[in-house]
Amino acid sequence: MDYKKTAAEILPLIGGKENILSLVHCATRLRFSLADGEAFQAEELKKVKGVMGAMFTGGQYQVIIGTDVNHVYDNLLHMTGLEGGSVEIVEQADLKNGGSGNGSGKMAKAMDIISSLFTPAIAAITGAAMIKVVLVILTMTGLMDASGQTYQMFSMVGDAPFYFMPVILAYTSSVKFGVDPMVGLTIGLCMVHPTYLSLIDAGEAVRMFGLLPVNLAKYTSTVLPVILVIYVASWVQKLAEKLSPKVIRFFFKPLLTLIIMTPLTFCIVGPLGNLCGKVLEGGLSIVQVNAPWFLPIFFGAFGPIVIMLGMHYAVTIPLALAAIQAFGYDMLGPGFLVANIAQGAAALAVAVLAKDKDFKSLATSTGVSAILGTTEPALYGVNLRLKKPLYASILGGLIGGIICGIAGVKRIVFGPTGLTSIAIFIDPDNGMNFVFALIGVAATFAATFVITYALVRKDRSILKEIGQ
């Protein structure tokens with residue numbers, strides 16, 4: 001693929017650089033927030049070489065590239081002058097026609113916000129998670145001593161992004177909500193500062209100005225409190241800018257923002273976010289304790305639908321992180337594991353039947369990629385395109401989800417779901433968790449492959465398309 005050419009062809013079909021409010025990417029997609037949604041030409045984008053699909057979903061305009069997305073992203077940043085993946089080109093009031101600021105509806109806005117907050121953090125979260133997985137394997141096999149200094153150093157690295165999650169989200173939230181990133185980071189750092197943590201440990205009542213009671217909630221590893229805090233800070237910063245004389249605005253605006261936000265963070269907004277987090281944990285507890293089979297079955301079957309709706313980051317990452325923080329495991333992971341395997345098996349079944357060399361190569365490469373953990377190339381390039389392989393993958397994922405659900409398979413460490421990271425299902429306290437995860441994977445692959453092969457072999461229109 002000519003990444004520069006692909007980026008150059010995409011740019012005018014989204015309205016040019018002046019129309020881009022923000023741009024981030026995940027494992028396979030470019031995710032735009034646009035000022036004018038009518039400028040997004042989905043059908044024309046699909047014709048660009050290297051583009052697998054284009055859609056408006058989850059409050060974002062998304063262009064599906066595949067695993068080469070980072071190269072196209074880098075070229076777009078170079079062409080547009082965007083830094084850090086976002087730029088404020090127009091006022092929010094100027095957004096129109098389905099842009100992230102208006103007519104797309106409240107749900108779409110919420111999905112856009114959540115995706116924008118978590119997508120940039122995925123690399124740090126998954127990298128650290130895989131370090132934790134490696135440590136589990138090394139200690140279980142006796143290759144590393146859990147009490148040794150080397151283990152402790154790497155364990156620190158594995159824990160850091162999760163422990164300091166408020167700091168990471170303070171930055172991404174600041175970029176999304178228009179807060180000065182360094183001011184936002186400062187607020188996030190205050191929420192996990194050793195002095196504040198020592199006040200919590202002391203257990204004594206704390207009051208600001210002798211009047212305002214500080215709710216001594218612990219914010220390390222939390223998600224919701226800092227997001228709410230930075231959102232409020234975006235309005236406080238606007239007020240501070242209005243109140244700051246121009247000649248001293250450089251230092252007076254951040255000073256005033258921090259002065260106002262300190263009591264708001266620790267006395268009102270932070271505790272409110274913490275309460276919302278507890279409510280979310282309570283809901284997850286009801287599901288995971290009383291119906292632990294539901295999430296693996298649901299996401300096993302409908303994982304590809306969630307991906308097509310663009311909600312796999314906006315919904316599943318916050319829920320999974322909250323569950324692991326609260327309970328030490330989550331039940332969404334097993335569902336997405338078998339859903340990914342099903343996508344890969346369906347694509348590989350098509351590859352076996354395909355006679356057209358290009359299609360066989362596409363189905364083989366995307367099928368292997370899906371089994372390893374990146375499903376969208378297989379989903380959009382093969383299964384959704386031919387339809388019946390998608391139906392087969394839903395049935396196969398359902399079968400695997402039932403097995404994992406009944407067996408109570410848990411994801412112990414947050415991370416991507418595929419064979420490359422299958423070790424995230426190793427439970428040091430329950431060896432059968434990993435065994436049943438493997439059984440679910442095998443059953444899903446076999447069922448999906450057989451169903452896909454049977455359905456495609458009987459469909460003359462599909463056989464014609466793949467060269468038979």
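The backbone N, Cα and C atoms fix where each Cβ goes, and this holds for glycine too.
Per TrEMBL, these features apply:
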ACT_SITE  Cys26  active site, phosphocysteine intermediate
DOMAIN    4-86  domain 'PTS EIIB type-1'
DOMAIN    112-467  domain 'PTS EIIC type-1'
TRANSMEM  117-139  transmembrane segment
TRANSMEM  151-171  transmembrane segment
TRANSMEM  216-234  transmembrane segment
TRANSMEM  255-273  transmembrane segment
TRANSMEM  293-324  transmembrane segment
TRANSMEM  336-354  transmembrane segment
TRANSMEM  390-414  transmembrane segment
TRANSMEM  434-456  transmembrane segment
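Sequence-distant contacts of the transmembrane segment (151-171) (same chain, at least 6 residues past either end, Cβ-Cβ under 8 Å): 117, 121, 124-125, 127-129, 131-132, 134-135, 138-139, 144-145, 181, 184-185, 187-189, 191-192, 219-223, 225-227, 229-230, 321, 325, 414. Per-class residue totals from DSSP over the domain 'PTS EIIB type-1' (4-86), listed helix then strand then coil: 33 helix, 25 strand, 25 coil. For the residue listed as 'active site, phosphocysteine intermediate', the number of other Cβ atoms no farther than 10 Å from its own Cβ, over all displayed protein chains, is 18.
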